[in-house]
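What follows is one structure encoded as structure tokens, with my remarks underneath.
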Amino acid sequence: MDLGTTKYIIYTELIADGYVEKHDVIGAIFGQTEGLLSTELDLRDLQKSGRIGRIDVELENVNGKSFAKITLPSSLDKVETSILAATLETIDRVGPCFATVKIANVEDIRVSKRQYITNRARHILRQLMDEMVDTYEITEEIKESLRTEEIMEYGPENLPCGPNILHSDSIIIVEGRADVLTLLRCGIKNAIAVEGTSVPKTIMEISKKKTTTAFTDGDRGGELILKELLQTCDIDYVSRAPYGKEVEGTSKKEIMKCLRAKVPVEQIIGEKYKNIVESNPVLNEELVEKITPKYIEEVTHSSKEKNELEKTFKPEIEKETVVIEKIKSFEKKTIDADEKTILQENSNLEKKYNGVKEILEGIKNTGLVKFVVDGKEKTNSFKEFLTNIQEIKNMDFFAADMPITQKIVDLLHDKTPIIVGTEIKVTKKPVNLRLFSFDEIME
């Protein structure tokens with residue numbers, strides 16, 4: 001169906017009480033609607049002028065009856081289209097057979113087009129956003145291309161290096177080409193790559209002429225290359241990437257931080273690299289002579305200083321030890337005394353009230369509370385107890401068949417010295433208050 005300028009589509013269903021063919025249906029549509037309306041809505045004239053489209057008929061004959069689905073495109077306005085649709089329902093015969101026609105639906109094709117436009121526009125926008133290159137990405141791409149152009153080759157081994165390698169007073173030795181590019185991204189143009197674990201002769205020679213920093217990965221491979229560099233080159237400073245990271249995978253901020261934190265080679269070489277230094281023809285004569293006296297002086301000074309400190313502060317240390325021992329002894333005695341006091345109070349509690357166990361047995365599994373005022377025992381529900389709590393003062397003893405919570409303690413701490421409950425759930429206990437669980441009393 002060529003929709004063209006179609007605005008609406010009229011879907012019609014026809015049932016004929018006999019066998020008919022397509023041309024019979026189309027003839028009935030044009031023949032039985034002719035003259036019903038004004039000439040402006042005559043189907044033949046409308047079709048000639050293109051106001052309505054080609055009428056499609058899908059026909060099926062079943063058991064002596066004919067069933068047709070008729071589709072009629074219309075570019076008329078909604079009022080004229082509605083009149084035209086209603087006109088089709090006036091058809092009552094097709095060929096020699098009686099027929100009934102019902103309008104199934106009038107579809108506004110523009111709604112479908114709008115929905116299609118919306119979905120398609122959404123899809124196109126998503127594609128544009130995916131394909132759109134951010135300004136930052138463009139900038140970085142241009143910078144990257146310039147940096148790639150800036151990378152040079154040095155020496156007979158064609159080692160990758162930055163453009164300032166010849167003119168700079170200092171150089172940075174890295175592992176590979178990718179590391180040189182990474183440093184170029186950070187604006188560092190005096191790096192040169194070893195390109196392998198075997199240090200080229202060019203690196204050995206240039207390290208003697210310039211202030212040299214070895215900047216290696218923070219992994220086992222980086223450590224091996226560093227050892228190789230220390231054996232063969234005149235290294236002045238050492239810097240490592242963060243532990244477990246490679247130089248090429250390190251951010252600009254981290255690289256700058258690592259290079260600022262570079263340490264002199266004298267500080268790196270100790271027991272760990274002693275055998276390397278001893279076998280290094282470059283470092284053995286110059287560096288070891290510089291490091292060894294300084295190291296011996298530091299160790300000797302530390303030993304002397306330690307002996308002097310021991311002589312000066314030994315009496316004070318001994319006195320302090322005696323004081324600490326006394327404090328520990330006093331704390332132990334205090335703890336023992338507290339334990340005795342608690343045990344004594346438990347004993348007094350049992351004696352004073354003619355068997356506290358019996359009191360607790362009386363309220364166990366009842367949900368009631370029992371308290372003693374002036375030697376008189378009183379039993380209430382907890383709700384009733386709370387109602388009269390303002391009138392109750394100076395209790396000798398309070399027991400409840402419920403857990404003792406912080407709220408209960410805050411409520412009763414100034415009314416009784418002893419509180420007993422099924423269990424104690426308190427985070428902060430007042431100094432003068434004793435808390436016991438049923439199990440502690442019943443033991």
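Quick reminder: no glycine exception, Cβ is built from N, Cα and C everywhere.
Model, not experiment: these values are computed from the prediction.
As recorded in Swiss-Prot:
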type	residues	note
DOMAIN	169-243	domain 'Toprim'
BINDING	GLU175, ASP217	Mg(2+) 1 binding site
BINDING	ASP217, ASP219	Mg(2+) 2 binding site
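Where Swiss-Prot records a feature, it is marked here on the structure.
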{"residue": "GLU175", "record": "Mg(2+) 1 binding site", "CB count, 10 Å": "24"}
{"residue": "ASP217", "record": "Mg(2+) 1 binding site", "CB count, 10 Å": "26"}
{"residue": "ASP219", "record": "Mg(2+) 2 binding site", "CB count, 10 Å": "14"}
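Counting residue by residue with DSSP, the domain 'Toprim' (169-243) contains 31 helix, 18 strand, 26 coil.
ASP219 (Mg(2+) 2 binding site) and GLU175 (Mg(2+) 1 binding site) are 12 Å apart (CA-CA, integer value).
Confidence annotation: the domain 'Toprim' (169-243) carries a mean pLDDT of 89 in the model.
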